[in-house]
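Annotated in TrEMBL:
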COILED    449-483  coiled coil
COILED    613-640  coiled coil
COMPBIAS  387-401  compositional bias 'Polar residues'
DOMAIN    1-49  domain 'HTH myb-type'
DOMAIN    2-53  domain 'Myb-like'
DOMAIN    54-107  domain 'HTH myb-type'
DOMAIN    54-103  domain 'Myb-like'
REGION    107-140  region 'Disordered'
REGION    387-406  region 'Disordered'
Amino acid sequence: MFIQIKGGVWKNTEDEVLKAAVMKYGLNNWSRVSSLLVNKSAKQCKARWFEWLDPHIKKTEWSKEEEEKLLHLAKLFPTQWRTIGPLIGRTAYQCLQHYERLLDQAQGREEDDEFDPRKLRPGEIDPQLECKPSRPDAVDMDDDEKEMLAEARARLANTRGKKAKRKAREKALEQSKRIAALQKRRELKSAGISVRNFKSKKETMDYEHEIPFEIQPPKGFYPPDKDKPANLSIKNIEQLEGIRRDQELERLRKDDIRKLKRLQSDDTPAAMAIFEKYDKSRSLKNRLVLPEPTMTDEEINQIIKMGADVQLLENATNSVVARTPMTSSIMEEARIAAMANKLQTPLEGEMNLPDSSFPVPQTPAQFQTPNPIKQLMAQTPLSIFGARSTSGYTPRPSDTSVYDGASDADPIGAKARMDMAKLYVKASLSNLPEPEEQVEITVPEIESLESDEVDQDQKEVDMEDLEAQKVRLAKKKMEEEALQDSEVIKRKLPRPSVFNSIVFVNDLDNTFNESQMAQKQLINEEFLNILAYDSVKHPIPHGRPADNYGPKEHFDIELLEEARKLIDEEARVLSAGLDNSTLEMDWKTDNFKYSHLQRRYMPSEKLTLQEQRASEETLYKEYEKHLENLSKRIKGLENKYSVSTGGYRKREELITKEIDDLYESTGQAVNDLSSFSHMEKLERLASSGRISAQLDLLQREKQLNGKLQVF
């Protein structure tokens, strides 16, 4: 018995019939749609529509963003193509096919490989026929196909079925009955017989006058509010919505134009200032941001130094221009996915594939052109004959690694590679063409300064120049004011945090005469004025400045320099007439001590024993506190030193131990060498005797053998 299996390749006529059936029956009645196609089931019709015929299916070329998203989702949802498809906007079959194509490209496979196991063999059935293009119709169709097309055409053309015809017939009959009853009532009414409409005895609900299933709500504690009367003053929708924003902006724009015209007629300079403010052509230009230079100063100097030996490579013409290497992130990710497919089960203990840092494209990436010269110095150069090495580039060792010599992966060594790179650069520079034209520059003559000053006066000064000039003047003024400051402020010497003038009042003793007292008083007044001025103009943090101060006189720099010279000269004259040894001894001895009662330093002979003892105790406490602070600081520095140098000390111990081991092994090797060399000498002396004895024995055996052969 022959069993017909529905399926097979889709034809063009079947696709058109399926489209028309979907337009009539919709996307939820696939059994009726499949009844129009003899060789297709409802499931196959649904799959054909959602995999190929749906107009929402995207059949264009894959973009780079879609490929990156496909590779990323394939890692998140492996083999879940029905989930990946809607996220990308493609069908599941399209995602699967393109993913396999990317893996083949990453592995270097050909698309038309006849030995590909995924290709169908003779006799096999394609399981994805709904996802393939339709086959063209034959010129001579079979009778079954013609009958199917005729039936489909008839069924699709019939927009009114049996039920529709019955409904139309019932509607026409009801209409005829109503018209007959109406005609009968009119005739009876004209004859004088009143006929009233009899209600049906059946208790039915009159939906025109009654509310079905009406439930009256229970009365509450408060009476319901009355309905608010409608506002009949609003006659159009503009009154309800109010003034629109575009109308308000148009009104304000016209108002601004009117005000600007009036201002232009009344005050022209102000109007011109407004025009210049909103003139885009006169706006300040943005700062010029140049890209990073391709070559650094060291590389340029190195190339200049190499140019001295260019004549040695005049015949080196077979050079290749260094190009920017192009890498494909999509191919790299596909290559990693293909390698992941080849991994064995984790139970066998193989290494896992390192995770790739392949990001999901959120924003367009900013690419930067790499430096070809820097890559040339860091990579293996071309071969001597101008051909590119097939072994790829050798990466430059990192700055933190120690590169002591040529490794197994770098047989030529770093020095030889650098020499080859230098030769390549020299050869490239020697191949540059000769200049075809020469450019001469003539420097114009400089005009007189007077004409420049006139031009500067006539030239309009830019606002940026005015701001820069103001900044320079302010800076110059600050420098001049800094020169007028006292020496304490200039040298940043310590100052009293609390201003007190009593110390200087008590400083006037009776040991001075009247003229000296007057001079001392003037000096103290000026000193107090300077201290008060500095405490206010240059306050100390957490200090208390003076309440009031007098004006400070400002002198010229020349006068200050002249006064300083006079003071230095007088000090030199006074120091020449004194005994320096006595003065130094006086300064070395402790002639002054601090008095807590008077709160100032005084000669030790003027203090009582109790004051001297208190001063010495205070000094002892200060020294003790200072020593404690120094000890804490030293301990902290020792801890910091031990932490920072602990690794170095451990490394020193390890290296010292290795050196000792090497020294011992070297001594043992030297002893072994001397022993074996002595044994070699003895063996060489004894070997000659043994060889001669063996030769004699061999000769006797030969003679004996010859004698025996005679007999």
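Positions of Cβ are set from backbone N, Cα and C atoms, glycine also.
Across the domain 'HTH myb-type' (1-49), DSSP helix (H, G, I), strand (E, B) and coil residues number 27 helix, 1 strand, 21 coil. For the domain 'HTH myb-type' (54-107), the model gives a mean pLDDT of 93. Taking DSSP states H, G and I as helix and E and B as strand, the domain 'Myb-like' (54-103) has 33 helix, 0 strand, 17 coil. For the region 'Disordered' (107-140), the DSSP-based tally of helix, strand and coil residues reads 4 helix, 1 strand, 29 coil.
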